[in-house]
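Feature list (source: TrEMBL):
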- Gly51, Ala53, Val54, Asn58, Ser319, Asn351, Leu416, Asp419, Ser420: Na(+) binding site (BINDING)
- Cys156-Cys164: disulfide bond (DISULFID)
- 619-639: region 'Disordered' (REGION)
- 45-62: transmembrane segment (TRANSMEM)
- 74-92: transmembrane segment (TRANSMEM)
- 113-144: transmembrane segment (TRANSMEM)
- 232-252: transmembrane segment (TRANSMEM)
- 261-281: transmembrane segment (TRANSMEM)
- 316-333: transmembrane segment (TRANSMEM)
- 345-366: transmembrane segment (TRANSMEM)
- 404-425: transmembrane segment (TRANSMEM)
- 446-473: transmembrane segment (TRANSMEM)
- 479-499: transmembrane segment (TRANSMEM)
- 520-541: transmembrane segment (TRANSMEM)
- 561-583: transmembrane segment (TRANSMEM)
Amino acid sequence: MDKLKCPSFFKCRGKEKVTASSENFHVGENDENQDRGNWSKKSDYLLSMVGYAVGLGNVWRFPYLTYNNGGGAFLIPYAIMLALAGLPLFFLECSLGQFASLSPVSIWRILPLFQGVGITMVLISIFVTIYYNVIIAYSLYYMFASFQSELPWKNCSSWADQNCSRSPIVIHCNVSTNTGEIIRVNRSWVYNNSLTCINGSEAYQPGQLPSEQYWNKVALQRSSGMDETGVIVWYLALCLLLAWLIVGAALFKGIKSSGKVVYFTAIFPYVVLLILLIRGATLEGASKGISYYIGAQSNFTKLREAEVWKDAATQIFYSLSVAWGGLVALSSYNKFNNNCFSDAIVVCLTNCLTSVFAGFAIFSILGHMAHISGKEVSQVVKSGFDLAFIAYPEALAQLPGGPFWSILFFFMLLTLGLDSQFASIETITTTIQDLFPKLMKKMRVPITLGCCLVLFLLGLVCVTQAGIYWVHLIDHFCAGWGILIAAILEIIGIIWIYGGNRFIEDIEMMIGAKRWIFWLWWRACWFVITPLLLIAILIWSLVKFHRPDYAQIPYPDWGVALGWCMIIFCIIWIPIMAIVKIIQAEGSIFQRFVSCCRPASNWGPYLERHRGERYKDMVDPKKETDHEIPTVSGSRKPE
């Protein structure tokens, strides 16, 4: 009997025929995995990974850390920590996701006892996603505010108070009264009585820059503390809505649509950084800023301080976005034989070089700002929000054509943030897809947009007048040591319990066999060096933990308690899921525990043609409900 032939606009699976415009439109006709889909091109994946890893921290945190930790000398511990901690974890997660083609939660079929680690990763990503889009909303607001002939924060306008000044302001001075008596009074009394200070008697304090007061009084309408919620700042709420609309539009077809958007959002920041560097290098005082960043001011004695090494390890860890679930999610859409090793090298090096390159663009402009204000670079350099929304806008306001440079800068921040946001939402939707595959095939667009809508509503508290306190609270608790706990358990679970040598054999099924010398370094890192480094960073973080504050305003007790509740809610699933898996297993308590430390019967390569001898008895990975619980013996159940 002749085989059934299908027209080109049909996809055939045995006797079943599915149109190219079917409900599963996120899967391409030439995809290797017809259930989940694959990246259309290798470059889609690489740019998505670069966009995910290269984020706001590369621009607003790394340059400050370099300056603060010895300048160019800081690159030594930074490179060492990349080799010892960052790259080994990055390669591990890319390999893990690609091998099984599963989400950060379902991937723990490799070790059912640790499935809660995957849930923790996804929950922390959800919390961070809520406030990360608020930062994108800030960038949108500043970009729109820059479309004026003069930047609104260039001068102290009607919104400013008497402390607004680029030069030091008088706080007390001596004045002569009508009776000839000399008294010391404050500045307000002098101005209210139209008196003049006696020369040489003034006491000064630094004024608040126009950009600082604009940030607090206009952009944020910041309240006096977290207790004073105030109203929703309507223009920030609209910017937040626009940010979520952009994210939803880019992800409505999953990786098929986001993989095309990143060609712009991942590449454009490099164009802007290059333009800013060229412009900054032509400004007077730029060389002074760059020398503070990485040149003549390098201080190698700083390398003796433990704090410098901790900062390098922490920056590498968070900059590469390991243990957030995104690397596993994005890599799960690779074809099975993709060379994930070379991908990890390329993305990690690109990320680190971008951080160094961004520092030149930032410090050249800050050097010019210090020059024209007659200050040292150390007096104008900032980090985090203060760099992005106060120091750098202040510097741009002093440039000819300031609005143009401001639009470029904030558009760059927008694209940097969007790349990371795409991957974070893809982490969430990929998790839903693996848990409810039939539902996602039918309703991918409504579910994706529904996630964006829910996260938008949850983020509204971050655009109230107390919003910045909420942003800082979530960042302080959720984006900290919770991720470190997940990373430590991840590497211990995979390397020490599942088995590092077994995991290497899994990788060789994808990229081909390698000589033993190739794996020597990775074994040393995975088995010993990386776990010890992560544990040291975790202990340091806990020892140095402090109550959060913003702008020297302490948080109320209920705010701190809420922060602890958020992070406990994220990590509590690790013991909960371990208990659930042990209860669901068979045999005595010891037998149940041992069985949960073995791979589930449906663990292995997603497609049958890739399983080979090692996974020939593997249960169909789509049959999660019936076959995920390991047997007492640890053998795979027959279908």
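Each residue, glycine too, has its Cβ placed from N, Cα and C.
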Which same-chain residues, if any, lie at least 6 apart from Cys156 (disulfide bond) yet have Cβ under 8 Å of it: Cys164, Ser165, Pro210, Gln213
Cβ-based contact of the transmembrane segment (446-473) with the transmembrane segment (45-62), 3 or more pairs under 8 Å: no
Position of peak Cβ density within 10 Å, selected from the binding-site residues Ser319, Ser420: Ser420
Sparsest-packed among the recorded positions, when each Cβ's other Cβ atoms within 10 Å are tallied, from Val54, Cys164, Leu416: Cys164
Beyond the flanks of the transmembrane segment (345-366) by at least 6 residues, Cβ under 8 Å: 46, 49-50, 53-54, 58-59, 62-63, 66-67, 75, 78-79, 82, 86-87, 90, 270, 273-274, 276-277, 279-281, 283, 286, 289-290, 292-294, 315-316, 319-320, 377, 380-381, 387, 391-392, 395-396, 399
Count of other CB atoms lying within 10 Å of the CB belonging to Gly51 (Na(+) binding site): 28
Listed stretch, out of 45-62, 74-92, 113-144, 232-252, 404-425, that has the most CB pairs under 8 angstroms to the transmembrane segment (561-583): 113-144
Residues from the same chain, set at least six apart from the ends of the transmembrane segment (45-62), whose C-beta lies under 8 A from its own: 39, 135, 255, 258-259, 262-263, 265-267, 269, 315, 318-321, 326-327, 330-331, 333-334, 338, 343, 346-348, 350-351, 354-356, 358-359, 362, 383-385, 387-388, 412-413, 416-420, 422-423
Long-range environment of the transmembrane segment (520-541) - Cβ separation under 8 angstroms, sequence gap at least 6: 81, 84-85, 88-89, 91-92, 310, 313-314, 317, 480-481, 484-485, 487-488, 491-492, 495-496, 500, 504
Most Cβ pairs under 8 Å with the transmembrane segment (74-92), selected from 113-144, 232-252, 316-333, 479-499: 316-333
